[in-house]
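What follows is one structure encoded as structure tokens, with my remarks underneath.
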Amino acid sequence: MTSAHQPAAFTSTSTSRRDLSRVRFPDGFVWGTATASYQVEGAVHEDGRGPSIWDTFAHTPGKVVGGDTGDIADDHYHRYPEDISLMADLGISHYRFSLAWPRIQPEGRGPLNAAGVDFYSRLVDSLLERGIQPWVTLYHWDLPQPLEDAGGWPARETAERFAEYAVLIHERLGDRVADWTTLNEPWCSAFLGYASGVHAPGRTEGPAAVRAAHHLLLGHGLAVRALREQGARELGITVNLYPVDPVTDSADDRDAARRIDALMNRVFLDPLLRGSYPEDLLADLAPVTDFDHVRDGDLATISTPLDFLGVNYYSRHVVRAGTAKEGPSNWVGSEHVEFVKRGFPETAMGWEIDPEGLYETLIRVWREYAPPPLYVTENGAAFDDRLDGDGRVRDEDRRSYLEAHFAAAHRALTEGVDLRGYFVWSLLDNFEWALGYSKRFGLVHVDYETQARTLKDSGRWFSEITRANGL
Ligand code: NCW
């Protein structure tokens with residue numbers, strides 16, 4: 001089989017310390033770690049928090065590996081002071097976390113829940129006291145259940161509720177939080193939530209997923225406009241991007257790669273940064289939807305200028321033309337592709353390790369879209385970590401993964417990409433959605449029995465990187 005794309009091998013030689021000895025990031029480069037509310041907070045019944053779609057989904061038998069739920073998670077709701085101390089040890093300048101909308105508006109509409117707001121206010125103050133800037137994500141997948149009951153993201157009203165929520169919480173935290181990200185990975189919310197159904201709310205309706213994607217974008221645009229009027233300082237969105245390559249150079253495989261690139265990358269990049277949906281995507285999706293949910297003016301709202309674009313990068317997709325109309329890789333039913341593994345080393349998620357893909361992604365977005373400054377808002381890896389008898393986690397695999405990806409990002413920087421920062425996913429081992437606690441992404445190991453935190457070897461190494469601002 002010929003491969004149309006031959007990425008640089010992920011070898012110890014290409015990432016050796018000697019090769020990287022002169023890798024220095026620009027002054028002021030942001031180094032951070034990231035988490036998300038439902039994945040770390042726990043305390044799901046405390047202080048007036050309402051249920052989210054993830055509470056419902058995780059408590060539905062068969063939806064999450066091991067029957068795990070986020071009920072307790074990392075108990076970050078109570079242990080955030082300890083976690084902030086860990087961040088201070090890591091030497092990070094920024095902490096990216098998300099707000100649980102159902103803590104702030106338990107019904108997804110109406111008045112604020114003061115106790116929920118207080119929690120985030122205390123968290124922000126505690127971060128600032130330790131010299132760590134809070135980087136807030138407004139929505140990382142935990143939609144208030146009452147809004148799902150009213151139609152969820154496929155319903156236009158959800159976009160309006162989201163913008164209202166954004167305004168209300170910005171009024172309370174905007175004096176201390178400079179950086180606001182509207183959505184995290186809207187692709188996952190739309191297509192895993194409403195098409196494949198592997199994420200909450202677990203619906204399997206292709207056309208609904210396409211409507212959800214639009215209303216997520218619309219909610220983003222409405223929120224950006226409203227927050228701008230409130231004088232918000234730095235506004236952006238985070239998308240998950242992948243290079244998509246055909247497994248061979250055949251016309252069919254190249255067309256398969258084009259379809260997946262449209263459905264995973266350009267479906268968000270084009271509306272956000274060009275104010276239109278890609279023509280080829282509209283044509284591909286014609287059997288599924290006629291896009292009659294898109295109203296005049298929506299795309300102008302969605303493409304309201306941003307201060308930064310967040311990029312989450314984990315791997316590359318390689319595809320071949322297929323015939324299957326259903327299955328895990330055929331979310332809306334128009335894809336007809338198979339995802340191909342190349343035999344590269346993988347993380348515990350089964351995602352091939354491909355740092356070159358990060359370089360390509362940053363260069364591509366920079367050259368094709370002329371975006372605002374970029375941040376890598378997530379990159380990291382799950383591995384089968386073991387807490388050794390001497391209390392150490394020797395996660396050389398994670399260290400080497402991160403080192404190779406930092407170097408790839410640096411290469412993009414030296415070639416002109418305005419990359420301003422890098423957040424490692426994740427600070428802590430946490431609830432990995434449908435995979436429960438079986439996958440560990442943290443720089444810090446969490447013992448879920450005792451809630452004991454242990455800095456992994458990769459975390460210790462990361463603290464050297466943040467302090468040296470280089471490799
Ligand atoms: S699952 C996922 N992740 C992980 C999660 O912990 C975090 O909350 C997310 O922002 C790590 O980063 C993101 N992303 C889902 C990717 C699904 C890819 C499906 C590809 C199908 C071919």
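The backbone N, Cα and C atoms fix where each Cβ goes, and this holds for glycine too.
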Need one residue: from HIS94, HIS140, the one TrEMBL lists with GLN39, ASN184, TYR314, TRP425, GLU432, TRP433 for substrate.
HIS140
Return the single residue from the recorded positions list (GLU185, GLU378, GLU432) that has the minimum number of other CB atoms within 10 Å.
GLU432
Please classify the secondary structure at HIS140 (substrate binding site) using three-state DSSP.
coil
Cβ within 8 Å of the substrate site's Cβ centroid: which residues qualify beyond GLN39, HIS140, ASN184, TYR314, TRP425, GLU432, TRP433?
ALA36, TRP141, GLU185, GLU378, SER426, ASN430, PHE441
Of GLN39, ASN184 (the binding-site residues), the residue whose Cβ has the fewest other Cβ atoms within 10 Å:
ASN184
Using a Cβ-Cβ cut-off under 8 angstroms and a sequence gap of six or more, which residues of the chain neighbour TYR314 (substrate binding site)?
ASN240, TYR242, MET349, TRP351, GLU378, ASN379, ALA381
